[in-house]
Amino acid sequence: MHANIVVLPGDGIGPEIIAATLPVLEAVAARHGHTFEFEEHDIGGIAIDRHGVPLPDTTLEAARKADAILLGAVGGPKWSDPNAKVRPEQGLLAIRKGLGLFANLRPTKPHPAALGASPIKPHLLEGVDILVVRELTGGIYFGDKTRSATDATDLCRYTVAEIERVVRSAGRLARQRRGHLTSVDKANVLETSRLWRDVTSRVMREEFPDVAVEHQLVDSMAMHLLSKPRAYDVIVTENMFGDILTDEASMLAGSLGLLASASLGDGKVGIYEPIHGSAPDIAGKGIANPYATILSAALLLRHSLGLEAEAASIEAAVSAALDAKVFTADLAPAGQAVNTTQAAQAVIERLA
Ligand code: IPM
Ligand code: MN
């Protein structure tokens with residue numbers, strides 16, 4: 001097949017991990033007889049520098065026409081002045097919203113070879129396989145904001161329709177997996193959470209009677225995620241809780257550098273990006289872990305292009321590279337790390 005992939009490297013380590021990932025996609029395309037066209041555009045801090053805005057119209061228009069979007073990361077100290085009018089992160093939020101990508105899939109499955117890198121005891125990690133479905137275009141991230149000299153507000157709002165659609169996505173995914181859904185909220189305090197819980201219960205009862213549903217408060221969920229991670233299959237939650245819980249979940253896998261994500265809406269187009277940020281502290285050194293971005297490219301092949309075998313071949317190759325202990329500095333014992341390019345090369349060598 002022929003696919004048009006918009007590539008948004010962004011800031012910090014973004015360009016490095018994207019540069020490492022494109023050859024993996026090229027190698028898969030060559031092996032399976034596909035042609036992928038990559039069209040690069042600016043987003044985030046680099047877009048502020050070049051165009052004055054974090055999401056130029058040209059980038060959004062290209063993304064709308066694309067079959068899929070591969071994104072690195074945005075942000076950095078250069079654009080982090082608390083008084084700045086525009087921030088790189090606004091570009092990311094605007095493109096998610098602009099494309100209607102309301103469901104953010106963040107899988108965590110600790111790899112046996114990387115268990116030692118996790119701060120959690122290995123026996124708790126065996127068999128862990130969690131998929132967090134984070135609501136991505138609503139809630140406190142997108143509510144009205146105010147700021148005066150003496151106070152500030154962020155409005156958290158959810159509509160029934162916003163909750164229904166992401167719960168349906170999570171329900172379908174739970175059905176394809178182990179048939180268990182955990183919905184996370186703060187219904188003992190927040191009205192939006194009480195609505196979330198009501199809508200989730202109804203949608204699951206009416207449309208997914210075959211999926212077991214459990215409700216958890218976000219504070220105890222944060223604890224259970226570390227004390228009994230094997231108990232969870234699909235977790236669905238609102239935007240900010242999902243942001244926080246998935247950084248926490250990455251510690252089960254041993255490194256933030258291993259977690260991929262897919263942001264999906266009603267159609268086929270999606271944004272695929274690692275869950276980690278732009279890591280300004282290591283940017284430009286060529287040592288960032290490219291696996292999360294490479295695994296995001298696998299999700300792109302699966303969800304936007306329908307290329308399941310190709311997606312699985314990338315995942316198997318990353319797994320084989322981890323088995324061979326091809327680790328970047330975030331995972332490797334001192335003195336044994338490979339660099340970004342070497343890690344990506346190890347994946348290419350292991351593509352079936
Ligand atoms: C993420 C990031 C973003 C978010 C930031 C950069 C806006 O932390 O993708 O998890 O909060 O959604
Ligand atoms: Mn985050």
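A Cβ is built for glycine as well, from the same backbone N, Cα and C atoms used for every other residue.
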Point to revise | Residue from Arg106, Arg230 that TrEMBL also lists as binding substrate with Arg96, Arg134, Asp219 | key: Arg106
Check your understanding: Using Cα coordinates, what distance in whole Å links Arg96 (substrate binding site) and Tyr141 (site 'Important for catalysis')?
Key -> 12
Exercise for review: Determine which residues of this chain, when Asp219, Asp243, Asp247 are set aside, have a Cβ within 8 Å of the centroid of the Mg(2+) site's Cβ atoms, and list them as they appear in the sequence.
Suggested key: Val218, Ala222, Met240, Phe241, Gly242, Ile244, Leu245, Thr246, Glu248
Review point. Which whole-number value in Å describes the distance between the Cα atoms of Asp219 (substrate binding site) and Lys186 (site 'Important for catalysis')?
Key: 8
Point to revise | Candidates Ser80, Pro88, Asp243, Asp247, Ala279, Ile287, namely the binding-site residues, that fall within 10 Å of Arg134 (substrate binding site) by Cα distance | key: Asp243
